[in-house]
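Q: Got a structure for you, written out below as structure tokens; questions coming shortly.
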Amino acid sequence: MGALLAKWRAKPSTVEVLEKMEKDIQSLEEFRDKNQKLRKIWVARLFFYSTILYILTSLTVYLWYLPDGMTARLLTMLLFLSFPVLIWFVRTLLILWFSRRTERNNDALELLKTEKKKILEEVMEKETYKAAKLILERFDPDSRKIKELELPVPGPPITPRPGQDLRQRTAAQRNISVSTPVNPGQESPQVPGLLAATPSLQRDTSAPGGPPERSVQPTPQSNILQRRPGSPATTVSGMAIHPPGPPLARPILPRERGAMDRVIEYLVGDGPQNRYALICQQCFSHNGMALKEEFEYVAFRCAYCYFLNPARKTRPQAPRLQEINFDRQRQRTDSQGSVSSVQPPAAEQLENPQSPEAMEEDSPAQAEEQAIEEDSTCSEQQWEEAPDDSEKDPSPVAELNPSESNPSPPAANETEESFMETE
């Protein structure tokens, strides 16, 4: 009858079996802890009571029952000396007994753990994902701890750099424009995959010049995406993975500006409304905003595809002015003056013949100096000829009137007449 009833009984589920095993494991672990505590308690009690008994018996024997014979005293001494050895032996027996109990308990515990692990492996193979996940989270805390350790530690929130959000928006818009199909009938099934692929690109793109992005495995849908006619050869998956490149050619002004910023922009004449966007000719990415004055003359390298965008116009250059070095002119005039002072005037006239117009342009001071020099030479010649005449023709008139024989006054008159003629 019992066998028939056992056949009709329902087989316990894996959850019930695991619950029963969990209870047995907990009881065995509690028993192991209790066993260790009991061993310490019993050993301590043994030492405590044995020492008290040893002291009391030794005092009573010494005070009241000490025998008079020598042999009886030796026997009592042997008994007292063997008592500590007996206590030590009892202590070892207690330790061995408790250790055997703990070993048996540990063996049963290990057996239950191995069976539990086998059942959990069967659950992972046979049960559905949801049921297996619930069972593992409930009955396998060790694996849950390992998974928690393997998960990355959440770091501080990373503030996007200026231009990063704009870059992500442009990348997402470019992906949407690339992946839109030509046929309107095929548009609806491709939208969910496209929307799922867009956040991954937004997560993986980073600001130019920043740390390298995490490696992204290209999804099969991103490989299926077709390029637009006239679009660059770079694919969407390749654009998300690249090393840190050059910085933006010009900064991107923030969208959210305060009242003070707007007032300053109005006074200075700067702001987004007064700037032009630098768009790459190859990948159509936003590379900052340049001023109106420099927009036509800016050449920049794209921060995303590294394409060199030439300037639309060449900046006009003003003609170079002739450099006038005043120090060199002063040195030349000084050297010419020193050479003219060393050379005689005749040699200067031969080496540097001047035109009559240049002669007329000479200053009157130079003419006066030349006239004075000629007068001085004439007077010297007259003074040299005067003593010779006096020696050859000595006249009484000269002896009587020496003042009249002085030829200096007529010479002075002649010099004045020559000076007037030269003027």
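Cβ atoms are placed via backbone N, Cα and C, with glycine included.
Checked Swiss-Prot, it gives:
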COILED    16-40  coiled coil
COILED    101-128  coiled coil
COMPBIAS  216-225  compositional bias 'Polar residues'
COMPBIAS  334-343  compositional bias 'Polar residues'
COMPBIAS  370-391  compositional bias 'Acidic residues'
COMPBIAS  414-423  compositional bias 'Acidic residues'
MOD_RES   Thr159  phosphothreonine
MOD_RES   Ser177  phosphoserine
MOD_RES   Ser179  phosphoserine
MOD_RES   Ser188  phosphoserine
MOD_RES   Thr198  phosphothreonine
MOD_RES   Ser206  phosphoserine
MOD_RES   Ser215  phosphoserine
MOD_RES   Thr219  phosphothreonine
MOD_RES   Ser222  phosphoserine
MOD_RES   Ser231  phosphoserine
REGION    147-169  region 'Disordered'
REGION    200-247  region 'Disordered'
REGION    318-423  region 'Disordered'
TOPO_DOM  1-45  topological domain 'Cytoplasmic'
TOPO_DOM  67-77  topological domain 'Lumenal'
TOPO_DOM  99-423  topological domain 'Cytoplasmic'
TRANSMEM  46-66  transmembrane segment
TRANSMEM  78-98  transmembrane segment
ZN_FING   280-305  zinc finger
Q: Any residues 6+ beyond the ends of the coiled coil (16-40) with a Cβ under 8 Å from its own?
A: 94-95, 98-99, 101-102, 105-106, 108-109, 112-113, 115-116, 119-120, 135, 138-139
Q: Looking only at the topological domain 'Cytoplasmic' (1-45), what is the mean pLDDT?
A: 80
Q: Within the same chain, where does the topological domain 'Lumenal' (67-77) have neighbours whose Cβ lies under 8 angstroms from its own Cβ atoms, ignoring anything closer than 6 residues to its ends? I mean 6 or more beyond.
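A: For the topological domain 'Lumenal' (67-77), the nonlocal Cβ contacts are 61.
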